[in-house]
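Listed in TrEMBL for this protein:
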DOMAIN    1-138  domain 'Nucleoside diphosphate kinase-like'
BINDING   9, 57, 85, 91, 102, 112  ATP binding site
ACT_SITE  115  active site, pros-phosphohistidine intermediate
Ligand code: IDP
Ligand code: MG
């Protein structure tokens, strides 16, 4: 099954939205296989957002993501990479649909609460960047036959 990397950013943690955000992915039927609360080093932040290093918002983005604890997660499920991006909503919360995490809780592009991998290749590299193999727990929820045909 597919896996994706999600991270609740410092604004989501500060605003006490950790439970609310995790609840949405659990309720959807995805399986949590990795979870940790952590401070993000500058090195990790710059590597994670390396694709944006030439953008004007890069310095502020690194500053923001290293400014407080982050909840790093790996979730598993059929089509979870694309589906999680839908649950998360558009990058700018002002454009994100109501019902999405950013649409329901965000009001600014620089404070959009959560990161989600955008493709299979980035999911794979982000999971490897943030988690060791030993930190990932493969397990079979017993309710699986009520979620998948
Ligand atoms: P995504 O998180 O929806 O994949 P990306 O375009 O990959 O969006 O941008 C990565 C992150 O950089 C965004 O989630 C947001 O935190 C930040 N960001 C993107 N564009 C801007 C901007 O114009 N101003 C400030 N921050 C931005
Ligand atoms: Mg992105």
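Cβ atoms here come from the backbone N, Cα and C positions, even for glycine.
Spread of the ATP binding residues is 21 Å (greatest Cα-Cα distance among 9, 57, 85, 91, 102, 112).
Summarising model confidence by region, the domain 'Nucleoside diphosphate kinase-like' (1-138) averages a pLDDT of 98. For ligand 1, the nearby binding-site residues are 57, 91, 112; that is, of 57, 91, 102, 112, these have a C-beta under 6 Å from one of its atoms.
Each residue of the domain 'Nucleoside diphosphate kinase-like' (1-138) gets a DSSP state, and the totals for helix, strand and coil are 62 helix, 28 strand, 48 coil.
If you measure from the Cα atom of the residue listed as 'active site, pros-phosphohistidine intermediate' to that of residue 9 (ATP binding site), you get 7 Å. The Cβ of 91 has fewer other Cβ atoms within 10 Å than any other of the binding-site residues 91, 112.
Taking Cβ-Cβ distances under 8 Å and a sequence gap of 6 or more within the same chain, the neighbours of residue 102 (ATP binding site) are 88, 89, 90, 91, 92, 93, 96, 112, 113, 114. A C-beta separation below 8 Å, combined with a sequence spacing of at least six in one chain, links residue 57 (ATP binding site) to 110.
When other Cβ atoms within 10 Å of the Cβ of residue 85 (ATP binding site) are tallied across all protein chains shown, the result is 18.
A 10 Å cutoff on Cβ-Cβ distances gives the residue listed as 'active site, pros-phosphohistidine intermediate' a total of 20 other Cβ atoms nearby, all chains included.
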